[in-house]
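So the structure is just underneath, and the comments pick up after that.
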Amino acid sequence: MKEDGFVRNTMKKNIALIMLITILSKFIGFFREIALTYFYGASATSDVYLVAQSIPVTFFGMIGAGIAVSFIPIYNNALKAGGKKEANAFTSRITNLVFLISTLIVAVVLLFTKPVVMLFASGFSSEVMDMAVSFTRITIFAVYFTGALAVFNAYLQIHNSFLVTAFLGIPMNFVAIISFFIASKSNDHVLAYGVIASYIIQMFILIPEVLKHKFNYTPLFSPKNEYVKALLILAIPVILSTSVNQINVLVDKNIASNITTGGISALNYANRLFGFIQGLFVAPIITVIYPNISRMVVDNKEDGVKKTLHETIVTVSLLVIPATIGAMIFAEPIVNFLFLRGQFDAVAAAMTSDALFYYALGLLPFSLWSIINIVFYSYNDTKTPMILGFVSVVLNVALNLLLSYFIGIGGLALASSISSIVTTIVLLRSLRKKMPTLKFRNTATTMVKILAMSLLMGLVAFGTYGVLHGTVSDNLALVLSVGVGVIVYGLSILLLKIPEVESILSLGKEKLKNLRNRGR
């Protein structure tokens with residue numbers, strides 16, 4: 001039990017460090033989005049860039065997600081059975097397999113570029129379509145890098161090396177910002193080359209860290225190897241599930257491109273804000289706990305899995321629930337504060353804030369869905385998330401067609417939120433069947449308390465904004481209102497004496513004490 005407590009404390013420290021780096025990375029990422037809106041607004045060029053940028057990620061995302069998710073539990077099995085040598089051989093085989101798959105994807109997209117682009121944006125005019133085809137023939141080569149990053153990121157997670165992978169977004173965003181500036185002054189095609197350059201920079205940073213953890217590459221392939229076969233069997237349901245999710249992305253972009261010019265961009269900017277919260281509060285936690293839960297499952301420590309799951313859900317709720325309330329209340333001021341400048345006009349701001357409001361409804365369920373999925377993956381069950389993924393996408397596509405007719409761009413975001421709510425509820429019930437001794441009563445009680453304090457925070461912040469609005473600038477009113485809300489929320493949460501909060505505070509006090517002792 002002492003060992004489990006040490007592991008959980010170590011996880012919390014890693015999560016805190018990753019969050020600090022992620023905050024910096026995400027803020028630079030915001031500057032990237034602001035730069036894109038400043039130079040290109042919600043225009044045909046920004047739509048083309050976003051589509052061309054997403055194609056390599058989407059195509060390999062169908063396969064890379066399955067490989068990355070399955071890699072961790074199979075690597076742990078290989079390491080336990082055959083030691084570091086067998087684990088290294090397994091990593092080499094998967095790296096070579098990924099390279100082969102990437103080559104096939106590049107070849108297919110180069111041969112059928114226009115049909116591929118039409119899958120993403122059938123509403124483009126002839127001139128805009130030609131531009132998108134030209135961009136895509138450059139950006140598709142990023143598939144090689146997305147594949148390698150998927151494998152190496154998973155490898156580093158297993159070895160508890162989280163900081164470098166968290167840092168990768170910083171240079172990537174800087175390269176993107178530079179490419180926006182150069183493209184606006186010279187040739188728009190610089191945007192496409194900037195995508196490739198950003199991935200090259202990430203690889204230069206990542207490879208030395210991988211080698212540091214004693215990865216010895218060998219030109220092995222052997223698709224019949226027992227661990228490769230085990231990974232493929234585990235990965236296929238994830239690949240199918242991810243493929244269906246990518247179909248949903250295609251439907252979103254297609255409908256958005258037909259609603260209005262700049263629709264793809266508006267939806268993207270709102271989704272980026274949604275992703276900011278996910279990337280800041282949820283992704284660092286999942287990055288750290290997944291390999292640890294996987295090891296607990298291998299070692300038959302179910303009590304450790306249950307305790308870690310409870311602590312993770314509560315910790316995520318502490319961050320995501322107030323963020324949800326804040327994003328819904330201040331959707332319009334937030335979008336105006338971040339993007340309303342340059343080529344990004346009031347019409348684009350209205351579309352984006354509308355989408356953000358509805359996306360916010362899905363923040364918590366999507367976060368819980370991400371957490372619960374990794375428990376299933378750790379138990380080598382990828383079929384259950386796959387089946388529910390299919391259900392979610394079918395529901396989402398149907399709601400897209402219905403709600404976009406009545407609400408426009410916001411309808412696409414609302415459809416995503418509703419489908420994530422339904423899927424998460426069913427997934428929770430499925431987890432209870434897999435782990436009959438798992439109880440959610442204490443977790444649910446704590447979440448209700450957090451929701452109550454978040455609503456109080458929202459009321460105070462909204463009231464503060466109402467008082468300040470018109471007396472100071474809108475941006476200053478937003479900042480002050482959010483600040484007051486955060487203080488109210490922080491104090492109210494402290495009064496509730498939630499164990500997870502007290503644990504985090506204890507770790508913080510311990511860290512400060514250690515720093516003071518070092519300074520003496």
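The backbone N, Cα and C atoms fix where each Cβ goes, glycine too.
From a predicted model like this one, the values you see are computed outputs, not experimental measurements.
Some features that TrEMBL has for this protein:
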- 15-35: transmembrane segment (TRANSMEM)
- 97-122: transmembrane segment (TRANSMEM)
- 162-184: transmembrane segment (TRANSMEM)
- 190-207: transmembrane segment (TRANSMEM)
- 227-244: transmembrane segment (TRANSMEM)
- 273-293: transmembrane segment (TRANSMEM)
- 313-335: transmembrane segment (TRANSMEM)
- 355-379: transmembrane segment (TRANSMEM)
- 386-403: transmembrane segment (TRANSMEM)
- 409-429: transmembrane segment (TRANSMEM)
- 450-470: transmembrane segment (TRANSMEM)
- 476-496: transmembrane segment (TRANSMEM)
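Sequence-distant residue pairs (6 or more apart) of the transmembrane segment (313-335) and the transmembrane segment (476-496) include at least 3 whose Cβ atoms are under 8 Å, placing the two stretches in contact. Counting Cβ pairs closer than 8 Å and at least 6 residues apart in sequence, the transmembrane segment (409-429) and the transmembrane segment (355-379) reach three or more and so form a contact.
At the 8 Å Cβ threshold, with sequence separation of at least 6, the transmembrane segment (227-244) comes into contact with the transmembrane segment (386-403) through 3 or more pairs. Taking pairs at least six residues apart, the transmembrane segment (15-35) and the transmembrane segment (162-184) share three or more Cβ pairs below 8 Å and count as touching.
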